[in-house]
């Protein structure tokens, strides 16, 4: 019975729950540790994203006999050029569109109210009974509550902004060390171990690296291509705030399956306000972009490396959003993919270990 997988899994689950319970009981001991983790988490996360985006450039240069220092300087030079180009061409336009959108916010609110009133006046023709007054009041009550909360927590917002700025200052330092010493990371972890367990660690770290590369590089490239497609489409139909909406879609598309439809909502609202027929064109462009992404871009860029079911993605994103907000939504999918990779490697390690033990204890049959 003790060798059964269900028994061992049950014991492991019970021990894990006991450990979690004990940690919760003495959680005050771990508060300084958690504060340190919270302080360096965002800089390390941003540096890691930059590292995985730029590591192909470094590897390409070093394959062509470039020394490490030259590849690092080249990466920073490319990043500087990209930031400079964005600062000159994109950021001023986005800033102007944001300021224009803020200025027009009262007008947009009146347009939305007018649209709601039109629907209210036509509700007798609806095939179902809807209390739109209650829905409208609830929506405005929620919006007012959110605005009041933002004003009341203005000091906290300012302090959070300062914290973000400090975190951004730390990003280049982590990024430099990742570019310089990333090859030393795996040996430093596996050095104390030997034998089969060391091979297990090597396989696990390699799979984690492969998973993160596939997600970060692939998803960023897919999001960038979708951003270009949407921007061109919005420009062709004459949608206002085209660049701002396309950049918003760039960040939202990082979340598979869910992000594109979140990016569609503000575009649809602004299109309705500008011209009802514009909503139809925005819907067509979004649908066409999603079809191109699903059938052409993603299969060629990412393949089936992550193999995530849409229902799994939606469940994870909803749970992560409730637990950790927007940051949780962004990191939910790669975190799940990494955990999945670790669990698969543990399962293979236990299976191989059990097969090895069985083969060791088996004795050849005697021939009489």
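Yeah, the Cβs are placed from backbone N, Cα and C, and that goes for glycine too.
The transmembrane segment annotation in TrEMBL covers 12-30, 36-57, 69-91, 157-179, 220-237, 243-264, 276-292, 312-339.
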Proximity of the transmembrane segment (220-237) to the transmembrane segment (276-292), 3+ C-beta pairs under 8 angstroms: yes
Chain residues in Cβ proximity to the transmembrane segment (12-30) (below 8 Å; excluding those fewer than six residues from its ends, i.e. six or more beyond): none
Intrachain residues whose Cβ lies under 8 Å of the transmembrane segment (312-339), provided they are six or more past its termini: 42, 45, 208, 211-212, 215-216, 254-258, 306
Beyond the flanks of the transmembrane segment (243-264) by at least 6 residues, Cβ under 8 Å: 90, 93-94, 97-98, 101, 219-220, 222-224, 226-228, 230-231, 234, 270, 282-283, 286, 289-290, 293, 308, 310, 313-314, 317, 329-330, 332-333
